[in-house]
Amino acid sequence: MSRKSLVFVTGNQNKLKEVVAILGDAFPWKVESKDIDLPEFQGEPDEISEEKCKIAAIKIAGPVIVEDTCLCFNAFGGLPGPYIKWFLKKLGPEGLHRMLTGWEDKTAYALCTFAYSSGKPDDPVLLFRGKTMGQIVEPRGPRNFGWDPCFQPDGFHQTYAEMASEVKNGISHRGKALQALKDHFLSLSEPDIKKAKCDEHER
């Protein structure tokens with residue numbers, strides 16, 4: 001029996017590869033990507049994720065997941081947070097590191113939220129979260145995956161960018177959120193999401 005398709009809304013093929021690798025062969029859905037334009041919402045991470053997922057479900061007309069990622073500097077009260085995409089685009093990893101020049105507190109946390117919709121208007125949007133603590137450092141490693149070069153997770157001497165993919169996926173914010181999503185789907189004989197509870201994996 002062929003697996004049902006689950007659309008991951010992204011135009012980033014690196015993200016798709018990482019998501020597929022983390023979910024693994026046991027995941028009961030076939031994950032495919034589609035690059036669609038979604039509005040840029042403002043607000044708290046959960047609100048942003050839920051609204052993006054609702055719009056995506058309407059456009060896809062079927063099961064869909066969307067991801068929202070935050071990089072939060074403790075010295076800045078959690079900013080850039082959900083707006084990290086725009087900071088990264090303007091400043092790059094080096095600029096993100098320079099933002100904390102003069103601040104003693106270099107600690108930060110990476111937060112990932114995956115939102116799932118069955119595509120049915122009456123079904124709730126489910127949120128799966130993962131959080132990894134770390135610090136902002138001078139960029140090291142390849143520059144092909146966002147702000148990975150300047151985030152060093154607690155307990156490690158390497159940045160995300162310097163890590164082997166299997167190591168990063170095991171401890172990253174995205175890995176934790178996807179593990180929660182995977183556990184949820186594997187706990188269901190059929191993905192009838194209405195009665196299920198979401199998990200939150202935090203480090």
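Just so it is clear, glycine is given a Cβ too, placed from its N, Cα and C backbone atoms.
Here is what Swiss-Prot says about this protein:
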- 10-15, Lys52, 68-69, Lys85, 145-148, Lys168, 173-174: ITP binding site (BINDING)
- Glu40: Mg(2+) binding site (BINDING)
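Here the features listed in Swiss-Prot are painted onto the structure.
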{"residue": "Thr10", "record": "ITP binding site", "CB count, 10 Å": "17"}
{"residue": "Gln13", "record": "ITP binding site", "CB count, 10 Å": "10"}
{"residue": "Glu40", "record": "Mg(2+) binding site", "CB count, 10 Å": "11"}
{"residue": "Lys52", "record": "ITP binding site", "CB count, 10 Å": "23"}
{"residue": "Lys85", "record": "ITP binding site", "CB count, 10 Å": "16"}
{"residue": "Trp147", "record": "ITP binding site", "CB count, 10 Å": "26"}
{"residue": "His173", "record": "ITP binding site", "CB count, 10 Å": "27"}
In sequence order, the binding-site residues (Gln13, Lys52, Lys85, Trp147, His173) whose C-alpha falls within 10 A of Glu40 (Mg(2+) binding site):
Lys52
Work out the three-state DSSP category of His173 (ITP binding site).
helix
